[in-house]
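**Q** Reproduced below are the annotations present in TrEMBL:
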type: TRANSMEM; residues: A:20-37; note: transmembrane segment
type: TRANSMEM; residues: A:43-62; note: transmembrane segment
type: TRANSMEM; residues: A:74-95; note: transmembrane segment
type: TRANSMEM; residues: A:151-176; note: transmembrane segment
type: TRANSMEM; residues: A:197-217; note: transmembrane segment
type: TRANSMEM; residues: A:253-275; note: transmembrane segment
type: TRANSMEM; residues: A:296-317; note: transmembrane segment
type: TRANSMEM; residues: A:358-384; note: transmembrane segment
type: TRANSMEM; residues: A:420-441; note: transmembrane segment
type: TRANSMEM; residues: A:453-474; note: transmembrane segment
type: TRANSMEM; residues: A:486-511; note: transmembrane segment
């Protein structure tokens, strides 16, 4: 059989198994919490056991997978890894719903919901199907696992694997390329494993900084709700642009100081991490010259100004109308949250005026920077597209002219430009058809408007999190029928892997010669 | 473009206006046939003004050289706009005549009174010449016959215009346009290819119009209405002379008679040419024609299922067609199919005839499905609008080619088949990029139009209403969810004018022209 196949799938599956086996290590953290709080052990412990056995079993499929790892195997490994960790990561939710009395009413005891929640976690989407977000029906340990999936997914599971597994140091570049957000990866160091380690190092550093800051406000008495548990929980979901919160009211549950404090971390999370590397190395010029970074800040600034203006002037809204600081704070927070694809909410923006909500929908299509933890189409692609459109107007009149497209001082390869176009169009096509299907399937017993369906698909495909209306920030994706939920699981998956690694697997040429 | 280039543009615009002046002049005959003599002075003035301007322009720049393909874009974009501006004159002047009660004109009614506002008149004229069919006319049956004819005539001529545009002027590698004669695609001179194109297609167009009139008349439409609807149906324009578009007749026969007429208008005219020359096999081999069958078929099926599931036509009474009387579920299925096929073909062919109350009766899903048809459109080289099937085919096949090729080394030589042409990777890359740019721009301007509309129109219109209306405008379709009308806010009218214009010219020529207006036509870096 393997003689006709061009892919050594055993090697890919074996490596996937290794990642799954290693997943038991981060699961030790919720395990410790379960022991500490005395609740949730029945959920975490069996999941760890199964993950270890499954991972160990899959590893047996190949004796030396790293040596057999080519481009084809890499694509398969990355796509499979994200699917499989979501399946394994869903086990604690199912077990808590099935084995405990307090969790019996949890909506996540159903496998489809648990898979949705885990995929939403690892892909740092932040859309939830958890019906009752409280410590009554869910243990603190499980809630922390939910936060932790986002943190693990943020900088990339495969990047983490390349960073810590020495056998991947050779083929790692291709793996990271398939997983990394944005067109291509920037090598920060000559050796790919060092690049992976540097990325994770900066990621951990910023996360710790945020946790210390959040808990510091609590100690100073400026954030009574921000306990150590909450500080860690939100530290886990800000830097990966995740958006899960153990608080049902998301960031609305915290004081204005906390809301202001989280904004710069969301913005940092949507920035290309390579820039932090340059800052770390005192190479500031690179940052100022980076056109993507400038466009990113500009987009956030302009959209914030528009939104703040709309909130400030819309009459009849006690909290925001003619109130400068709240208008500015909620506008900045929400725009930063949506553009970076985090998905936190500082208030229920479902109550905003229609126009402000349209601005948020628009913002979902911008996305974070390449090399960040953000999702969506990504700023760099829009920059390249705008530049080629300007060139098109020139070459339409002067067809003989040859004008390369530049980003700063580097010329962009024509093939890369076409790749960007192919991606963006595929993204929009998947979005359009997805919206149509979700709308046609509908929601039982409820009227689903086009705006709601549009925002639900844009939010899952772009790994944003909440939408508007029935999928608003204080609501959940629970009402959707099973088919729509599975479709959205697919959207989150292809959205995180940026479509191609998944689509490639669907072609005949990939499997056979 | 230098000053010499501007002179070429000016001279050609002058020639276009001189030819255009024939249109209002010929319409005087209609005024005499229907005894609307009071309309003659207005039409005379509408003919004299462009004639004078055109004569002046072409005399002033009489000795400039022939234009190349590069001037073609600017001439096409500005020419379309200019003709639309002059095409507004009959509306404006006739409304003024009736208002003042000159020449024994009848009293002004509300419908015609809307055209006393120049923006409404311009909107109607642009909608006509771009073959859109969105209208500022509230009750079509209260218009003077002259204006009814003028609206149909604009769409009919605009239909010929767009075939010339896509087969002769914009035909460059990758634009997705078919050319009538391969040699002319390569020629640098633009005039000979236009002349031969017009010569070839005008008799096809006349023949089809004549056939369509006969079919509609046999289906039970009065002759005058059959003539107008045949003209606007074939041109996939969609103006109507009856108050409720085709819903007025509520006739199964007429619905099904119009479907093939709209289909004729959505197949590329070079293909018609081949078929009429007897090369039927070659015509059926055409990629776009096959895609039309598939796309229209699938869309109709999906829409039928959706309308049936939504129970839109559940409560209809017995229906009889071809002597068979249907009741109960049979009637519901039949009615769902009837409205689905008519509306989907009307949308995707970009005709825009309406039989259903889409805005109020249909679900959000049905709105978006029909919008999808309007955005995609039909064949390039026909009178249809939208992104066009050949681009969609290029994009889909190109993307698949690209995905399948991830593992080939850069140096590998691969070839690609599109239609019956074999392309190298480089050629495919160029065609793909062209198609991708147009498609992406299409989405960008759809978004722009939708944004303006959301900010200005009454908030009782939902997002699906707005997306539907903008897709209809930019795709030059003309179906309406109820937003377009004389009461529409001015910014919305202006943005619709723009959307119709760029939609018809496939965006790039308009952007090149606007860029030239703002930055000058000189060759400049950046």
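Cβ atoms are placed via backbone N, Cα and C, with glycine included.
Please treat TrEMBL annotations as automatic predictions, because they have not gone through curation.
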**Q** Taking 3+ C-beta pairs under 8 angstroms (sequence gap of 6 or more) as contact, is the transmembrane segment (A:453-474) in contact with the transmembrane segment (A:358-384)?
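**A** With 3 or more qualifying Cβ pairs, these stretches touch.
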**Q** Are there residues at least 6 beyond the ends of the transmembrane segment (A:197-217) whose Cβ is under 8 Å from a Cβ of it, and what are they?
**A** 151, 154-155, 159-160, 163, 188-189, 223, 226, 228, 230-232, 234-236, 238-239, 255, 257-258, 261-262, 265, 268-269, 273, 276-277, 280, 373
**Q** Taking the transmembrane segment (A:20-37) as reference, which of A:43-62, A:74-95, A:151-176, A:358-384 has the most Cβ pairs under 8 angstroms?
**A** A:43-62
**Q** Same chain only, please: residues at least 6 beyond the ends of the transmembrane segment (A:151-176) with a C-beta under 8 Å from a C-beta of the stretch. Say none if there are none.
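**A** Answer is 15, 18-19, 22, 26, 66, 69-71, 74, 77-78, 81-82, 85, 121-124, 185, 187, 191-193, 195-197, 199-200, 203, 207, 236-237, 239-242, 269, 273, 373, 496.
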**Q** Between the transmembrane segment (A:358-384) and the stretches A:43-62, A:74-95, A:253-275, A:296-317, A:486-511, work out which stretch tops the count of Cβ pairs under 8 Å.
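**A** The stretch with the most close Cβ contacts to the transmembrane segment (A:358-384) is A:253-275.
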**Q** Within the same chain, where does the transmembrane segment (A:486-511) have neighbours whose Cβ lies under 8 angstroms from its own Cβ atoms, ignoring anything closer than 6 residues to its ends? I mean 6 or more beyond.
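**A** For the transmembrane segment (A:486-511), the far contacts come to 5-7, 72, 75-76, 78-79, 82-83, 86, 112, 115-116, 119-120, 122-125, 127, 153, 178-179, 181-182, 375-376, 423, 426-427, 430, 434, 437-438, 456-457, 460-463, 477, 480.
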**Q** For the transmembrane segment (A:420-441), what are the same-chain contacts with Cβ under 8 Å, counting residues 6+ beyond its ends?
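**A** Same-chain residues near the transmembrane segment (A:420-441) but 6 or more away: 183, 377, 381, 384-385, 388, 448, 450, 453-454, 456-458, 461, 480-481, 483-484, 487-488, 491, 494, 498-500, 503.
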